[in-house]
Amino acid sequence: LSKKVEDAMASRLLRGAGALAAQALRARGPSGVAAVRSMASGGGVPTDDEQATGLEREIMLAARKGLDPYNVLPPKRASGTKEDPNLVPSITNKRIVGCICEEDNTSVVWFWLHEGEAQRCPRCGAHYKLVPHQLAH
């Protein structure tokens, strides 16, 4: 590159850095401390409650009441016996279920669970029962 082009590039670089430094200085208050800009009610970072909207907010409010209207939380594990089966919510009369038979197992056993009596996993024998679930809307 020619000396003239190099000087022009260096000049642009320094002007850009100077503009950034000036912007940073303007952002500071009269005491020299950086001014904090926040939309949070008490200042600082807004909480999840302050910024959640729509479906996310609806799910958060329902979770506080112990509800799961859209079935987004993981199901509660039961002992898996015939007397205390794992409850699987469904809006239809059948649902496909995946069972990880052992904690360190890397494969999933898939099977259809139908409405009615509790059913067993074909591999490990854990019991699952389909329960009706109504959607929130």
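Any Cβ shown, glycine's included, is placed from N, Cα and C.
Per TrEMBL, N6-acetyllysine is recorded for K76 (among others). Within the same chain, the residues at least 6 positions away from K76 (N6-acetyllysine) whose Cβ sits under 8 Å from its Cβ are L87, listed in sequence order.
According to TrEMBL, the feature N6-acetyllysine maps to K94 (among others). Neighbour count (other Cβ atoms within 10 Å of the Cβ, all protein chains): 12 for K94 (N6-acetyllysine).
The annotation Zn(2+) binding site is assigned in TrEMBL to C99, C101, C121, C124.
The annotation N6-acetyllysine is assigned in TrEMBL to K129 (among others). For K129 (N6-acetyllysine), the same-chain residues lying six or more positions away in sequence with a CB closer than 8 A to its CB are P85, N86, L87, V88, L113, E117, A118, Q119.
Here K94 (N6-acetyllysine) is compared against the binding-site residues C101, C121, C124, and the shortest C-alpha distance is to C121.
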